[in-house]
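Here is what TrEMBL says about this protein:
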BINDING   ASN81, LYS82, MET83, ASP84, ASN153, VAL154, GLY155, LYS156, SER157, SER158, GLY205  GTP binding site
DOMAIN    147-211  domain 'G'
Amino acid sequence: MICTVTKSELNRSTFRTVFDFGDREVAHWFPGHMAKGLKQMRATVKNVDCILEVHDNIPVSGRNPLFQESLDVRPHLLVLNKMDLADLSAKNRILKQLQRDGVKNILFTDCLSQRDENVKKLVPMVIDLIQSNPRFHREEDTNFCLMVIGVPNVGKSSLINALRRTNLKKGRASKVGGEPGITKAVLTRIQVCERPIIHLLDTPGVLPPKIPSLETGMKLALCGTILDHLVGEDVIADYLLFSLNRLEKYSYVERYGLGEPTDDIQQVLKHIAVKLGKTQRVKAITGVGNITITVPNYPAAAYDFIRAFRKGELGQVILD
Ligand SMILES: Nc1nc2c(ncn2[C@@H]2O[C@H](COP(=O)(O)OP(=O)(O)OP(=O)(O)O)[C@@H](O)[C@H]2O)c(=O)[nH]1
C-alpha cells in the first residue's frame, strides 16, 4: 500500500502534544474579593426556589465543586451558554460526562441571539423543576425566586437580559461586560416573568473558579474568566494556538495568511501584526550606527488573537 503524507501533515506530526505551563502559580490568578460571593450565596439560597448555574465552553472542568458541596440543596438547572461558540459535535459526550457527575437538567443557550429557542424553554423547565420538588417554608409563596450563579464572564447578566427580553419584552436590566467580574456583589432582584411572577437574584453568584490544575486555569483564562494580565496574554495566546491545533481547528491558517498550520506562536503573531498593521518602529543600535526598524507589536497581536477566539471567529470549540 502506498501511503502519501503531505508536507503539512509531516509538519503537524512534530507539533507539541503537551503544553509546557512552566512553574506558574495559579493561586494568584483569582482576585480574593470574588470568593466573598460564596458566603453570601449560602445565606441567600434558602430564599431561592431554583438555581441556574451558567457555564460556557468549559462545561465540565469549569464547574466549581464548591457548588455541589454548599448550594446543591435546591432544584438546579445547568445552563451551557455561548453555544454559538461551541463545537456541538461534542454535545453528546459532554452531556454523558455531566450526567455521570449527577447533573440532570441541562439547557444549551446562545443569549446574544434574539431568536434562541432554548432561552424560551428555560421558564417552563424551571417551573416544572420547582413544582416537582418540595419548597419547604416557601410552599405558600406563589412567586418564584431563582438564583443565577457561575464563574465570571460566562454570560450570567446576558442570560438575565435574554430572559427579560423573551418573557417580558423588556430591555437590559443587567450590565454586560467583557471583563471578568463586572457583576458586582450586590443583591438585586430582577423580574424575568409575569405569569407566574419570577424574580432572579442577580449578581451574588460569582463563584471563584476552582483551579485544580494549570491546564484548567489556562482554559478558564482562554475563555476570559480570569483577567488576562494576571496570566499573561503571551502565554494565553500560545495555549490558544496549542488548543486549536490539538482540536484540529485550522481556520486561523487562512485568516492570517499562514500557508499551513504551525505550532510556533511567534510566527502566528508576526502574521497577525503585519496583517492588522500592528507594528512598532523601534531604534536598534548596530555596528554602523543607530537605525530604526519595524517590529511586530506582539502584545497587540496576542490580544487580537485571543479576542478573535472569544468571539468565535477562529471556529467553534469546546475546550473540555
Ligand atoms: N458569543 C456569545 N457571547 C456571549 C453570550 N452570552 C454572553 N456573551 C458575552 O460574554 C461576555 C460576558 O457576558 P456577561 O453577561 O457580562 O457575563 P457575566 O457572567 O455576567 O460576567 P461577570 O460579571 O464577569 O460575572 C460579554 O462580552 C457578552 O456579550 C453568548 O451566548 N454567546
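Heads up, the Cβ atoms here are built off N, Cα and C, so glycines get one too.
Around the Cβ of MET83 (GTP binding site), the number of neighbouring Cβ atoms within 10 Å comes to 23. Highest Cβ count within 10 Å among the binding-site residues ASN81, ASN153: ASN81.
Contacts of GLY155 (GTP binding site) defined by a Cβ separation under 8 A and a same-chain sequence distance of 6+ are given as VAL54, ASP56, ASN81, LYS82, CYS111, in order along the sequence. There are 23 other Cβ atoms within 10 Å of the Cβ belonging to SER157 (GTP binding site).
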